[in-house]
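Feature list (source: TrEMBL):
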type: ACT_SITE; residues: ASP151; note: active site, proton donor/acceptor
type: BINDING; residues: ASN9, GLU380; note: Mg(2+) binding site
type: BINDING; residues: LYS16, HIS209, LEU210, GLY211, ASN212, GLY213, GLY329, ILE330, GLY331, GLU332, ASN333; note: ATP binding site
type: BINDING; residues: ARG94; note: substrate binding site
type: SITE; residues: HIS182; note: site 'Transition state stabilizer'
type: SITE; residues: ARG242; note: site 'Transition state stabilizer'
Amino acid sequence: MTGDILTLNAGSSSIKFAVFAPEHPDKTARITGKIAGIGGAPVFTAQDRTGTALPAGPLDALDPSSSHENLVALLLEWLEQQLAGQPLGIVGHRVVHGGRTFGQPVRITDAILDELETLVPLAPLHQPHNLSAIHAVANWRPDLTQIACFDTGFHRTQHRLATLFALPRALSDEGVIRYGFHGLSYDYMARVLPEQIGAKADGRVIVAHLGNGASMCAMQNRKSVATSMGFTALDGLMMGRRCGALDPGVVLYLLQSKGMDAAQIETLLYKNSGLLGVSGVSNNMKVLEDSDAPTAREAIDLYAYRAASTLAGLVPALGGLDALVFTAGIGENSSCIRRAICDRLQWLGIKIDAGANDVNAIKISTETSAVDVLVLPTNEEAVIADACRTLMNAPSAQTPQPHESPDS
Ligand code: ADP
């Protein structure tokens, strides 16, 4: 394979990107960066392999009304200049929902794009942006190979029972099941865990991906056996703006007694709930930690309480716990949240070393803790880049795999 690999992760309020050399294995990107604050005041930042900031050039002053597709187009122009004539070989995208059809990374065609479009209602906050990034690249360079890597893919190893809702069978048969998300992050953890904890990595592990979106994954033999998100990325943990698990009766109440329509409820559950809704202050954990508002304190307490409860609910899928990993923005940086969650889990034999926790050390459990507790940075981009290499070098791997639950 020739040409660099570009990874694109187009979320609701940010577009993250990385450029990797085609050689394998190379986890370190040549260039990384993002456009953050989309929808408000978008800001572009980028750095090279050494961490040195790269000039934003024409991306210095971004129009707040720019669409995701336009921003990706500007980013591609900027990249072309940075790469100074060196060709890109392939673009790999994070795509949140692969539905029942797509488990493995797949080369994007018009037919596949049409199918991914049908999954927009299942991930209304993410899927449209993922797809608009694909369109922007196709408009820029129609011949460039693009692949989609799915956040749902990693969970395809789950037992059928872990994927079922207790709904009428006809609904499960048509795909109303638990899919799970953040799969690229969990895949990365599954790859790097042996370097940290050796054979224990194949034991009973829970990874807590705590970012703006948040979920947990129970793994055994480094494969997903259960996860907290479900049919959509709304389920499970309390998040920055999303409510997490909710009595479905609340949705009926909003419809029937409050007279809200579907669009209003979608906005309430996806954008105005979670840390933001409970605190009334911010969706940003760091801002809440620095706030004196009692509602900010309560939002943090609820976040930790619900995270500990969710984690405890995943333990039966494993029959115990050997290791717990915290990752993503909050998991990697908030010692206060990690401590609050772990304090509620002492009955599992979890013991935290306060000093190690305070400095975000890789291992934050004590020597006598029954469970290894780790803080590891995630790298979804490296997983996408690896998928690009694999697909470029093994064309037969491009066929989409139909949904099959191995234990069904
Ligand atoms: P995304 O899901 O958008 O990729 P991130 O993984 O970057 O989000 O996580 C963003 C969250 O991490 C925000 O709530 C932010 O406040 C939180 N965060 C980042 N650094 C810190 C910190 N030092 N202390 C507490 N929270 C932090």
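Backbone N, Cα and C define each Cβ position, glycine as well.
In terms of local Cβ density within 10 Å, ASP151 ranks first among the recorded positions ASP151, GLU380. A helical conformation is recorded for ASN333 (ATP binding site) in the three-state DSSP classification. With a CB cut-off of under 6 A applied against ligand 1, none of the recorded positions LYS16, HIS182, LEU210, ARG242, GLY331, GLU380 are retained.
When Cβ atoms from all protein chains are considered, those within 10 Å of GLY331 (ATP binding site) total 27, not counting its own. Using a 10 Å Cβ-Cβ cutoff, ASN212 (ATP binding site) registers 20 neighbours.
Taking only the Cα positions, the spacing between ASP151 (active site, proton donor/acceptor) and HIS182 (site 'Transition state stabilizer') is 5 angstrom.
When Cβ neighbours within 10 Å are tallied across all protein chains shown, the highest count among the binding-site residues LYS16, ARG94 belongs to ARG94.
Counting other Cβ atoms within 10 Å of each Cβ, the binding-site residues ASN9, ASN333 show the lowest value at ASN333. DSSP classifies LYS16 (ATP binding site) as strand under the three-state reduction. Between the C-alpha atoms of ARG94 (substrate binding site) and ASN9 (Mg(2+) binding site), the distance comes to 5 Å.
Annotation: no binding-site residues among ASN9, GLY331, ASN333 have CA atoms within 10 angstroms of the CA of HIS182 (site 'Transition state stabilizer').
Taking the C-alpha atom of ASN9 (Mg(2+) binding site) as reference, the shortest distance to any of the binding-site residues LYS16, ASN212, ASN333 belongs to LYS16. Site extent for ATP: the farthest pair of Cα atoms among LYS16, HIS209, LEU210, GLY211, ASN212, GLY213, GLY329, ILE330, GLY331, GLU332, ASN333 sits 19 Å apart. Cβ neighbours within 10 Å of LEU210 (ATP binding site), excluding its own Cβ and spanning all shown chains: 27. A strand conformation is recorded for LEU210 (ATP binding site) in the three-state DSSP classification.
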